[in-house]
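Enquirer: First the structure, then my questions, so here it is.
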Amino acid sequence: TAGFDARFPNQNQTKNCWQNYVDYFKCVANKGEDYAPCNQFKQVYKSLCPIKWVETWDEQRDNGSFPAMYE
Amino acid sequence: MSRIFCDYPLNYSLGFQDPASNWMYAIVDLHDRIIFFLLILLVLVSWFLVSSLTNKDHLTYLAHGNVIELVWTITPAGILWAIGLPSLNLLYLMDTFILEVLDAEITVKAIGSQWYWSYEYTDYVESNGSTIAFDSFMIDEASLEMGDQRQLTVDNALVLPVNTSIRILVSSNDVIHSFAIPSLALKADCLPGRLNSLGLIINRPGVFYGQCSELCGANHGFMPISLKAVTIPSYINFLEATAEAL
């Protein structure tokens, strides 16, 4: 599961989930799908992010409306 | 000698529900300490009040007195220290200990919707991408079985292991709800678009109930939370069985 992240020490973990999701796709875009350390971000966002949020963001990435630079 | 705990709310109960986590024990302890001072003060103040109302000569010996004025200034300050210090201690301990010292071993999400809860165990994702997630509806009165709690029993309870550090992340799909389980000292609002985290370690197996604690529409009173704490082997069985079934 996701360990303690000192960047997000308080009760509001929204940014924690968001940041790991963005960082995973940034990592994959820069290092390729097979770069194993990228999976660290993937594990964290899978643990933290509600399934609905991930689905919405995946759709947004597919149709180009994802609100962050990840490539 | 074994103890039996009462894990459901009683009619007209005066005290807290039986604690099931160390934080809850600490809160009950703090509460008892505060009530101790409160009762002493209550008796003292009522005594003087009644005495002044019933004695005709209560004004006769009123005069200034430096010593007593010193005493009744310092004593309340002392009482407030005695109440405030353990209170702040517990407050900060709860915040920092669970979040920083005891890293969570499992993460579960509770997402509130109108008018049911969805639990997601996405620590466990199969290779084909499927994970463990299910909805939890209240069982309506007509379908209750013998021994079920009215307005508290659900079809799929949230199952968690005892003696493990658990992070519960709560959010909402629509309006504001609130995830609360009194016997575990848990309560956090579930806001749409926000993820609030709660730390938890359950001391003993059992079923613990809570109810949605933020008005969320017509069936706000009918979306209870049922947390079933089981031994770790049982938890692993539950995970396997649920993963297969879903």
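Positions of Cβ are set from backbone N, Cα and C atoms, glycine also.
Below are the features listed in TrEMBL for this protein:
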type: DOMAIN; residues: B:8-98; note: domain 'Cytochrome oxidase subunit II transmembrane region profile'
type: TRANSMEM; residues: B:34-50; note: transmembrane segment
type: TRANSMEM; residues: B:70-92; note: transmembrane segment
type: DOMAIN; residues: B:103-241; note: domain 'Cytochrome oxidase subunit II copper A binding'
Enquirer: Same-chain Cβ contacts of the transmembrane segment (B:70-92) under 8 Å, 6 or more residues past its ends?
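Expert: Non-local partners: 26-27, 30, 33-34, 37, 41.
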Enquirer: Please list, for the domain 'Cytochrome oxidase subunit II copper A binding' (B:103-241), how many residues fall into helix, strand and coil according to DSSP.
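Expert: Secondary-structure breakdown of the domain 'Cytochrome oxidase subunit II copper A binding' (B:103-241): 19 helix, 67 strand, 53 coil.
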Enquirer: Summarise the domain 'Cytochrome oxidase subunit II transmembrane region profile' (B:8-98) as counts of helix, strand and coil residues per DSSP.
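Expert: Breakdown, helix to coil: 66 helix, 1 strand, 24 coil.
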